[in-house]
Amino acid sequence: MRSYSLIAPAKINLYLEIIGDRADGYHELVMILQSIDLADKIDLRAIGTQSIQVHCEDAEVPQDDSNLAYRAAKLIADNFPERFAQFGGVEINIKKNIPVAAGLAGGSTDAAAVLVGLDMMWQLGLTQPELQDLAAKLGSDVPFCLAGGTAIATGRGEELDPLPSLDSLYVVLAKYRNLAVSTPWAYQTYRSQFGDTYIRDANSLEARAHRVHSGPMVQAILNDNMGEIGKLLYNDLEKVVLPNYPEVLQLRKAFERSGALGTMMSGSGPTVFALCQSEGEAQRILQEVKRAISAPDLGFWVSRLSKHGIQVI
Ligand code: C5P
């Protein structure tokens, strides 16, 4: 076929613990990642010229080779030059629904969709592990975005262990449209302030055991204990982002007062989410926080937790 449409869901972090630094400048993480229904739509179309083109109506999204979706197509083209020559170029159209630079893996999930779409369009027949390897080359969150659902993510974030689905729950997300937090800044600041709390050898047996169990949150998920899951939401990066971004701290406090199951910042922020039992509760909390903070550039979204990664439609 000459065109494919894919759904690319966002993710939130139910848990993010930084357990060590790495020689490559990255950090050893123990995370629990969760897909949500809020998703971009990616359309791929074969074009006559031997080129990769990215189009997106959202002015915040780069349309050049710095776009991760472009880099995903380039990675496939470089790895399979004969297929690129045979099938020609591709136009990537991104319909953006996930807020940009938000800590919700919007760019990573678009890149994951391009990998899945080009695998089909160029008839590569890649296995899941092969797709996951390519995904890890693009970014730490891209492998999870491919697989989706609920998963423990360790290493840089690319080693995944699936967990039972939590897709009966909802989230309210809130983000200031003009606010962005640099992810490298957040990790570097954390390293300089809290590096002395790292497990000394993050590749040790102790660290491995820690990763596999990753504490009470995994138990709460296995027991389907929603109240506990809400209480155990955790993100080390809040320790550096909240003191430096008073607007995010204010949001976080407003959600805390709202009676949700729990609230947390996602990834390196600045999106804050509240976990809710039902859509009705999510709408109630949205209205309450909207009344508490009147800021014209504050955006809200209600989304259901999802068991899906990239889907072809
Ligand atoms: O992998 P990705 O390009 O998405 O990571 C963005 C940035 O986040 C990295 O440049 C790095 O500063 C930080 N990071 C990290 N350790 C990780 C994942 C990301 O330090 N495990």
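The backbone N, Cα and C atoms fix where each Cβ goes, glycine too.
All annotation found in TrEMBL is predicted automatically rather than curated by experts.
Bear in mind that the values here come from a model prediction, so they are computed numbers and not experimental data.
The following features are taken from TrEMBL:
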- K11: active site (ACT_SITE)
- 67-149: domain 'GHMP kinase N-terminal' (DOMAIN)
- P99, V100, A101, A102, G103, L104, A105, G106, G107, S108, T109: ATP binding site (BINDING)
- D141: active site (ACT_SITE)
- 217-292: domain 'GHMP kinase C-terminal' (DOMAIN)
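Locations of recorded TrEMBL features on the structure.
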residue	record	Cβ within 10 Å
K11	active site	29
P99	ATP binding site	23
A101	ATP binding site	19
G103	ATP binding site	30
A105	ATP binding site	29
G107	ATP binding site	28
T109	ATP binding site	30
D141	active site	29
Which recorded positions, if any, among K11, P99, G103, A105, G107 have a Cβ under 6 Å from ligand 1, given in order along the chain?
none
Go ahead and report the DSSP secondary structure tallies for the domain 'GHMP kinase N-terminal' (67-149): helix first, then strand, then coil.
52 helix, 7 strand, 24 coil
Between G103 (ATP binding site) and D141 (active site), find the distance joining the two CA atoms and give it rounded to the nearest Å.
10
What recorded positions among K11, A101, T109 are found with a C-alpha within 10 angstroms of that of D141 (active site)?
K11, T109
Rounded mean pLDDT for the residues that make up the domain 'GHMP kinase C-terminal' (217-292):
97
Distance check, please: Cα of P99 (ATP binding site) against Cα of K11 (active site), rounded to an integer number of angstrom.
11
Quick one: what's DSSP say for K11 (active site), helix, strand or coil?
strand
Would you kindly give the Cα-Cα distance separating T109 (ATP binding site) and K11 (active site), rounded to the nearest Å?
8
If you take the centroid of the Cβ atoms of P99, V100, A101, A102, G103, L104, A105, G106, G107, S108, T109, the listed ATP site, which other residues of that chain have their Cβ within 8 Å of it?
A10, I98
